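**Student:** Annotations per TrEMBL:
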type	residues	note
DOMAIN	1-93	domain 'C2'
DOMAIN	137-260	domain 'C2'
TRANSMEM	390-410	transmembrane segment
Amino acid sequence: MDIGLNGRPGKSDPYLRLKLGDKKISDRKNYFENTTDPDFYKMFMFNAKLPGASILTIEAMDHDLIGGDDLIGKTTIDLEDRLFDSRWQAMGKMYETSSRLRLKPLETRTLNIFTSRAPMGTLKLWVDILSPALAHDYPAIDISLPPPVDMELRVVVWKARNVPSFDAMEDMNDLFFRCWMEGSEYQETDIHWRAKKGKGSFNWRMKFPITLGHKQLNTKIPYFHIQGWDKDVLSANDAIGEHTLDLGPYFRQAYQLKTNVQVYEDDDETRKKKKKASSDDDAAVKKIREATGLWDDDDPSDSKWLKLEALDHKTNTRNFMGEVCVSLELVPAENAKKNPVGHGRSSPNNSPYLPPPAGRLSFSLNPFKVLNDLLGPSICHRLTCCLCCVLFMVFVYFLAPFINVAIIALRG
């Protein structure tokens with residue numbers, strides 16, 4: 001449905017206006033915003049006498065906040081022609097029962113406007129003409145859309161791996177992730193400062209309110225975005241890569257079932273493997289992994305690794321930029337109130353429980369560990385080699401006289 005002013009198509013704020021004789025019905029207060037395909041699903045009723053005023057005019061109007069509303073297009077139906085047409089009266093007779101009136105065909109009518117020969121869209125409808133007695137025996141069919149369902153999208157960003165570093169010398173990132181639903185505000189994880197070996201740990205929960213239902217009543221675009229970023233203190237942050245998820249199928253499933261839906265639910269075999277891998281590691285092994293940057297190789301339940309990609313504008317190709325492990329769950333609003341969860345790692349911390357992230361910076365009295373955490377293994381190794389060379393030169397400088405005396409004594 002196009003507004004079509006001056007021949008320029010575009011989106012409108014449509015609503016319906018009907019007229020039969022001197023009777024008018026306007027549904028202006030229920031207009032649809034910024035669309036070309038509104039789904040009205042409305043029933044309108046007129047009391048009329050036939051023969052009499054029989055031309056039903058249906059107008060699609062464009063709502064304007066300032067000035068008068070514009071006519072998008074209209075269609076007209078002659079009710080007398082239908083009432084006194086035996087063929088139209090006989091339509092749907094085979095489907096008539098004691099509780100249901102004979103069905104009339106669903107029509108697709110073209111919307112026209114006098115300023116243009118081009119159609120301004122189409123309107124799907126059907127018309128019933130009933131006597132007062134039949135109208136009493138057969139109540140109007142309720143075709144209104146079901147109410148929308150409020151839900152909460154719970155996202156857990158667990159960890160990342162194989163993320164390239166933007167500083168070749170340090171080989172580290174100050175890593176964080178930014179997530180958002182299309183058309184909503186973004187949320188961010190905390191920062192994993194000095195993340196080594198392309199690995200980051202977050203265990204960070206985000207919550208996004210969404211509305212599911214018919215396309216006119218729900219979250220408009222079901223795309224979820226995850227971006228990896230490198231935090232810079234003195235300059236702009238560097239975007240690493242992005243992954244986009246189409247949650248449309250899961251939205252439909254959650255809307256139909258009205259229950260919790262795990263986007264990446266593990267099957268029985270995968271769940272057993274993860275449980276066995278987690279039980280095989282004792283505390284000592286986990287400490288060694290954390291100290292060496294090889295920590296946390298076990299994947300959480302109901303999670304999946306998503307590839308991050310970045311567009312190379314020179315070659316117009318998408319490059320692999322690491323992976324991020326996430327969990328996503330759709331929770332009805334009622335269930336979310338009964339079982340609330342906190343943002344990030346704050347309480348209530350459940351469903352699932354988020355432990356403190358591994359591999360983060362921690363206080364230590366060991367200067368070598370502090371240097372390794374702050375500067376990275378590569379620079380730390382170079383500094384250690386330089387320090388050893390300096391100490392060796394100092395050692396040689398102070399021992400040189402003694403060495404000379406020893407050599408002279410041996411020659412004498």
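Placed from the backbone N, Cα and C atoms, the Cβ positions cover glycine too.
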**Student:** Where does the mean pLDDT land for the domain 'C2' (1-93)?
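**Tutor:** That region's mean pLDDT is 87.
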**Student:** Using DSSP, how many residues of the domain 'C2' (1-93) fall into helix, strand and coil, respectively?
**Tutor:** 14 helix, 32 strand, 47 coil
**Student:** Give the residue counts of the domain 'C2' (137-260) per reduced DSSP state, in the order helix, strand, coil.
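**Tutor:** In the domain 'C2' (137-260), the DSSP-based counts are 11 helix, 60 strand, 53 coil.
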